[in-house]
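Q: Just dropping this structure here.
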């Protein structure tokens, strides 16, 4: 879409933060209004993360107005809320390409702009990076400021508290802004807090506070009285005791939609020394009523007509793998009251909404705490319950030590249901599920299964749930099934594959949901086709049989080639001294950027035509 200057006259003046800082302060509310409308118009046409950005318009404008970005470092946590930041930092006219192949990255990305200090996508990393940036600036004596913006969800993660604990110890010059959009404040309390925030962030208060500490430091009773008086004054309206105890100077909560008030408070705070904490209250979806009423649904949106306020419904075709999992979970829980389901803040995405309503006493959303989720599951297993950890492939990476140390070493029967495995699509490098087979396959006593369709997925979930000799993992992709008939549930023989087609000379060993593409190629090449089903334990006998009956083997998986299922096949052949040529097809050795799943698979040669071409080129 082209930028309409007449529709956004103030925003038209701002294509960089230098231009933003030339505006008179009185024009900032109008700029915020235009920025919010432009964001609504753009994202509704292109798709993308939506409600979070609507809630951070005023904060974004105020931060770039007060701080000398990009010299001063502004770090966004996760990045869902950073679309206004992109618009104000030279990417206004490209915002309609966000999350698309060759377009703007869905999150702040270092390779895209000097304003994007830290590439993000996963949560709770900003404060740690901010401390490092602040310490580096102090070492170089550059008078550079560091600011981190973190949401009320991300700050619940342990990594954020680890960082704040460290900051309280080493006292870097750092501002942490908590964007709190989970609760509202009344006008009276809000006005009082806004006034108090400007008072407490002012130089006079800061000078008196530090001066008083020095003067009365040798008089313990008076020093204690001053401390208690300050705590009582702040405690009347401030919920910041925790952050004060961690060593931060806490200011807030303040109205995050009052851009002029934010500018005043941030100007006061900019030159304060040591770790500072600004708590702002915002409304997710601000300015667009449907998103304000239902911020979860409008968190990320497809293309839609924003004048109607209605998102397009799904075509109602084949069920997604997430729904297949959710249905199995409810079905199993109805028969077994030992089942306990755990998710780290991914209820909707993992297909657990219905389960959470039907079995609330057995549903545990542990928030953004993947490490805790896994060890919590270990404890449930020790207590003779049957935990199911529903987690995205990319987020399981964050709990790798817990999978090994707290579950696998102890052979605890925990079932990991790994959603978004393989190519995810529009969220790009940080969200592709490229590595789970590689990092799980090397763990002793771990069973790893790769279903080829929704029926096999159900059978594997059943198999893993009833397996008692250690942990199991079932990995499945984002997207819909194939329309396979759902058969009665039964346990599969552990570590056994199935020959789907008998051919000659070449055998294709498929791991996962690329089976339809593999079948099309096998028909063209008259190749044997095998649904391997298990990455660990591998069907060694079948691999050796195929090696003896064919001139060459081809392995196929939607996981990194390095260390993946194909590597396991290679290891079997080498261990048994079978000198048969093997072609490993999978994800290449680089981080895969955004695009649709179809676009990415075509680019990587993982559609039927690409797989056939790879095999023919290899055989030539």
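Backbone N, Cα and C atoms are what each Cβ position is placed from, and that goes for glycine too.
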Q: Record says 80, 121, 122, 123, 153, 154, 181, 288 bind thiamine diphosphate. Source is Swiss-Prot. Which of 19, 348, 354, 370 does it list for that same site?
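A: The record-listed residue among the candidates is 370.
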Q: Pop the Cα-Cα gap between residue 370 (thiamine diphosphate binding site) and residue 152 (Mg(2+) binding site) into the table, whole Å please.
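A: Rounded to a whole number, the Cα-Cα distance is 17 Å.
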Q: Of all the binding-site residues given, 80, 122, which has the fewest Cβ neighbours within 10 Å once its own Cβ is left out?
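A: Counting other Cβ atoms within 10 Å of each of the binding-site residues 80, 122, the minimum falls on 122.
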Q: Got a sec? Which of these binding-site residues, 152, 370, has the most Cβ atoms within 10 Å?
A: 370
Q: Any idea of the Cα spread of the thiamine diphosphate site, 80, 121, 122, 123, 153, 154, 181, 288, 370, as a max distance in Å?
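A: Value for the max Cα separation, rounded to a whole number: 32 Å.
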Q: Would you find the one among the binding-site residues 153, 181 whose Cβ has the most company, meaning other Cβ atoms within 10 Å?
A: 181
